[in-house]
Amino acid sequence: MSGHGLFLLLDLVGTFVFAISGAVAAKQRNLDLFGVISVAFVVACGGGIVRDVCIGAVPPAGLSNWRYLAASVVAALITIAAYPKVRQLRHPVLFFDAIGLGLFAVAGAQKALAYGHNSEVAVLLGVVTAVGGGTLRDVLLARVPVVLQREIYASAALLGATIQVVIEQLHLSQPWTPWAATLVCVGLRLMSLRFHWHLPTFAGDPARKTECDR
Amino acid sequence: MSGHGLFLLLDLVGTFVFAISGAVAAKQRNLDLFGVISVAFVVACGGGIVRDVCIGAVPPAGLSNWRYLAASVVAALITIAAYPKVRQLRHPVLFFDAIGLGLFAVAGAQKALAYGHNSEVAVLLGVVTAVGGGTLRDVLLARVPVVLQREIYASAALLGATIQVVIEQLHLSQPWTPWAATLVCVGLRLMSLRFHWHLPTFAGDPARKTECDR
Amino acid sequence: MSGHGLFLLLDLVGTFVFAISGAVAAKQRNLDLFGVISVAFVVACGGGIVRDVCIGAVPPAGLSNWRYLAASVVAALITIAAYPKVRQLRHPVLFFDAIGLGLFAVAGAQKALAYGHNSEVAVLLGVVTAVGGGTLRDVLLARVPVVLQREIYASAALLGATIQVVIEQLHLSQPWTPWAATLVCVGLRLMSLRFHWHLPTFAGDPARKTECDR
């Protein structure tokens with residue numbers, strides 16, 4: 001299999017696992033069939049759609065390439081049909097979700113560079129590609145996005161996208177560079193899960209205790 | 001009246017009834033005058049604005065064509081001035097809302113095709129045009145979008161948009177085709193209201209009962 | 001300092017104070033470091049990004065110009081480091097926030113005109129530039145946007161943007177025109193704070209008391 005074919009395969013794997021995470025969340029909220037499929041699609045493709053709109057790549061690939069929609073619908077239907085089993089998949093889902101995170105961060109940054117935009121745009125939109133779908137999922141479910149609250153997640157995407165962009169801008173990119181950047185992101189994410197690493201939340205701040213939080 | 005003039009009229013009727021539904025929801029939340037007008041405008045034009053951004057039709061017609069803003073503002077002011085009467089209008093509002101749904105789904109799909117995009121883009125953006133405004137309304141009011149939760153609503157829009165796109169792509173479109181597609185969508189929506197049809201929500205799933213739903 | 005340099009400076013001041021308001025809100029919700037920086041950036045740049053996408057100015061300046069990101073990150077870090085002091089800054093924050101509101105409304109309207117769009121687009125996107133970031137902040141924090149609920153805020157932005165657009169469209173614009181429009185917006189906002197002016201919310205409407213509000 002060529003490198004490009006492998007990348008497309010893993011991109012679809014990322015889409016698929018992101019869609020499963022969306023379908024599980026939608027099902028927990030008792031949404032209807034259309035709601036489950038919609039949230040699965042939004043999680044899988046929402047970040048990429050926002051990226052494409054921001055770089056002028058219209059219509060967004062998430063809308064125009066049937067593979068993404070198909071992967072999302074299949075993931076949603078499997079989730080519905082095999083819900084008790086999918087629920088037991090917590091660790092495999094987290095594992096594939098980490099792979100999706102890394103792939104989307106690096107691929108998103110690459111696409112922005114390919115459209116001729118600068119490093120900052122590429123890094124920011126790499127992160128948006130990776131975490132945008134999950135953020136939209138939480139907005140649709142009327143809760144504060146998980147990505148803002150806990151764990152090394154967006155920061156792992158930021159690291160992966162930054163590595164890719166820096167190496168490309170220095171003209172040092174090799175065919176294996178995107179894989180290495182993806183691996184760093186995935187590795188950081190998985191290690192943070194394994195060892196319970198968190199970003200600081202300043203919870204010890206004495207001022208916070210008296211905060212009126214609306 | 002020409003076909004085009006009739007279509008524009010019905011498009012504005014759709015805008016108007018969608019704006020009323022937004023104004024009623026905003027008023028129930030006790031938003032101020034600007035908030036009521038804003039939510040009315042977002043419900044009426046939000047879906048079309050997202051569609052236009054995704055197909056590269058900038059600036060979006062909802063921002064650049066004064067008729068849409070005017071219809072939204074008038075609907076909001078009427079809602080405020082005649083609120084007790086508007087509240088009694090539940091069935092007429094649902095009726096016009098169904099007409100707006102069908103018109104927006106078909107017109108949204110047509111516009112995407114007219115910009116040269118493929119069938120998938122046209123169908124998806126037809127649905128977005130029809131249900132996007134209501135989804136944004138619920139996001140602004142910090143609740144899970146109704147469209148994801150119940151009733152044959154987005155699925156009716158999906159059917160209407162699909163019929164229109166399939167017939168156009170087969171080069172079988174006649175002047176009355178959009179009206180027929182709209183009618184199917186409106187008819188399905190009204191019948192689902194009349195006969196209490198729902199999409200499955202899997203509520204009988206025993207696993208759900210023990211779900212921790214955050 | 002040239003007029004352009006002064007405008008850029010004040011634009012960055014507006015970005016900075018909007019970012020502080022975002023960081024304070026995120027910190028009150030106990031978001032992590034990435035979350036605080038993200039919300040600060042969204043409040044400071046979200047409105048401008050939406051405006052740029054709607055006028056076809058891609059990639060949006062908020063993503064491609066490092067000054068906006070840098071101002072947001074610095075504001076977030078200062079907020080975290082000096083939180084007890086920042087909390088005491090309520091009145092200065094409101095003061096700078098009003099300046100940011102006026103600058104963003106006028107600058108947003110000007111940018112839309114400069115891209116060749118009509119008056120309605122310019123006024124609407126001036127308001128979006130000014131209040132969009134705060135609206136996105138509240139959506140991310142899963143609450144009804146404050147801007148829809150109380151106070152003369154968006155309406156002050158509307159007034160400032162309208163003055164600027166009307167004067168430009170009449171070809172009466174002078175170098176000081178944007179400053180005057182900004183001043184009117186800022187003045188109205190500050191006076192409404194000082195004298196507790198509000199838009200009507202129709203709270204006395206007897207129908208509302210029996211409203212079922214979901």
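Backbone N, Cα and C define each Cβ position, glycine as well.
Sequence annotations record features per position, and here TrEMBL assigns domain 'Glycine transporter' to C:9-83 (among others).
The feature domain 'Glycine transporter' is assigned by TrEMBL to C:95-167 (among others). Averaged over the domain 'Glycine transporter' (C:95-167), the predicted model reaches a pLDDT of 90.
The transmembrane segment annotation in TrEMBL covers C:6-26 (among others). Using a Cβ-Cβ cut-off under 8 Å and counting only residues 6 or more beyond its ends in the same chain, the transmembrane segment (C:6-26) has close neighbours at 35-45, 67-68, 71-72, 74-76, 78-80, 86-87, 93, 96-97, 99-101, 103-104, 107, 133-134, 137, 141, 178.
As annotated by TrEMBL, transmembrane segment applies to C:33-59 (among others).
According to TrEMBL, the feature transmembrane segment maps to C:65-83 (among others). Sequence-distant neighbours of the transmembrane segment (C:65-83) (same chain, 6+ residues past either end, Cβ-Cβ under 8 Å): 12, 15-17, 19-20, 22-24, 27, 33, 36-37, 40-41, 44-45, 48.
Residues or ranges marked as transmembrane segment by TrEMBL: C:95-115 (among others).
If you look at the transmembrane segment (C:121-140), the same-chain residues 6 or more away from its ends with a CB under 8 A from one of its CBs are 18, 21-22, 25, 39, 42-48, 50-51, 54-55, 100-102, 104-113, 146-148, 153-154, 157-158, 160-162, 164-165. Summarising the annotation, TrEMBL assigns transmembrane segment to C:121-140 (among others).
Tertiary proximity for the transmembrane segment (C:33-59) is limited to same-chain residues at least six positions away from its ends with a CB under 8 Å from its CB atoms, namely 15-16, 18-23, 25-27, 68-69, 71-73, 75-77, 79-80, 104, 108, 111-112, 115, 117, 121, 125, 128-137, 140-141.
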